[in-house]
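Annotated features in Swiss-Prot:
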| type | residues | note |
| --- | --- | --- |
| DOMAIN | 31-103 | domain 'Ig-like C2-type 1' |
| DOMAIN | 117-188 | domain 'Ig-like C2-type 2' |
| SIGNAL | 1-20 | signal peptide |
| SITE | Asp217 | site 'Important for receptor turnover' |
| TOPO_DOM | 225-249 | topological domain 'Cytoplasmic' |
Amino acid sequence: MWYLLLPTALLLTVSSGVGAGLQKAVVNLDPEWVRVLEEDCVILRCQGTFSPEDNSTKWFHNKSLISHQDANYVIQSARVKDSGMYRCQTAFSALSDPVQLDVHADWLLLQTTKRLFQEGDPIRLRCHSWRNTPVFKVTYLQNGKGKKYFHRNSELSISKATHADSGSYFCRGIIGRNNISSASLQISIGDPTSPSSFLPWHQITFCLLIGLLFAIDTVLYFSVQRSLQSSVAVYEEPKLHWSKEPQDK
């Protein structure tokens with residue numbers, strides 16, 4: 001009965017489609033700062049699954065396809081025009097989530113690896129100078145108040161972020177004979193999200209389809225049962241009539 005095999009076929013099709021949707025490419029920055037200065041070198045690396053026949057990578061900058069097919073996209077000398085959202089895709093990977101890169105033209109820049117952190121995340125901030133010019137007497141400030149001082153330029157590290165670490169940050173230091181300050185950067189700390197609280201869309205769809213297929217199977221089962229019972233009721237065993245032959249005299 002082909003209609004009994006239909007739910008199984010649908011289940012296999014849905015399962016393969018959902019499995020394919022689980023793979024998504026990932027864009028990583030090297031170095032991992034999301035804010036850089038002009039003339040900095042930035043490498044964007046696409047992590048995904050390739051096919052034996054096609055090892056090319058599709059890169060997108062602000063939704064426009066880039067004529068570059070290597071897994072690593074190198075920006076040798078960044079310019080402000082290179083700012084924007086970057087995404088990548090491979091043969092066996094879905095389009096990645098966007099990664100924002102900001103390129104600034106300035107003497108001093110406060111760098112960060114993220115703009116939004118969760119409670120408990122480590123935070124790294126760096127007071128970066130144009131062309132890596134030496135910077136001395138570096139002060140990191142939060143909401144206008146000094147947070148950390150370094151005689152020689154060093155990163156500001158916070159091992160576990162709390163809501164108290166939210167706020168407006170900037171850094172200042174001595175370059176040559178000039179006291180220079182960076183532009184301010186807003187750092188936000190959110191509550192940690194629980195992965196088990198919300199299912200991804202493909203898992204929700206899969207669960208709904210499983211329930212639908214179960215309902216179809218149940219309806220078909222009882223429908224077949226009723227059909228069989230009706231067939232048995234209609235069919236009646238023929239009655240045999242025996243007659244006694246007259247005996248020969």
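Don't overthink the numbers, they just go from 1 along the chain as shown.
Any Cβ shown, glycine's included, is placed from N, Cα and C.
As the structure is a computational prediction, the values presented were derived from the model and not from experiment.
Counting residue by residue with DSSP, the domain 'Ig-like C2-type 2' (117-188) contains 6 helix, 44 strand, 22 coil.
Confidence in the topological domain 'Cytoplasmic' (225-249), given as mean pLDDT, stands at 55.
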